[in-house]
């Protein structure tokens, strides 16, 4: 099983700085003009706490579903629920080509390993409020969901074209990585505490993760970690920043 799991930078999510800057790359007047345009304007009416806890709740619910499915598979030897979860909350070409086109999106909330779930939850808990404060509810949802979908689609293409295999993939890490990558560009002076002790600028931490996962992807050394989706999530977050920076999005 080829899954998104944590990278060796274990304490990445803990922020030493708690005063996140507000919307550093456009003015308040620019923000008003953005909010008066486009579709899905109603999403900005959703309280940020609702978005924050809603995403955590969805991740928790889907994790519980996978846990229960694995119990039925291992204890009762009943694969039906696990097969259903795999078909609806994991992304690969087989699922997409079979008409389950929602899987790149639903996989952005999916975990099945307890350590993976808690590490990603810890990261999201500390980092997401900064991005929500900068972007607001609507644009944050575009970042999180768009980053997850783009990363999964890119990973699926890469795996099938270059690695000649079609692994199932969970995509919550990629969605969260897109959020962290955006913050590295939007707030590069933010300091993270690795292992709760070592202060590291966020741009350096994210840059190190990007190079590490790019190397593992190119060398095909990801193992059970979908490093190509990690890279895709980081690139999606950076791309989103520049789209906002130059007022394209």
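Placement of Cβ uses the backbone N, Cα and C atoms for every residue, glycine included.
TrEMBL lists transmembrane segment for one of the ranges 79-99, 142-162, namely 142-162. When TrEMBL is compared with the stretches 24-41, 168-185, the one noted as transmembrane segment is 168-185. The transmembrane segment annotation in TrEMBL falls on one of the ranges 4-23, 224-243, namely 224-243.
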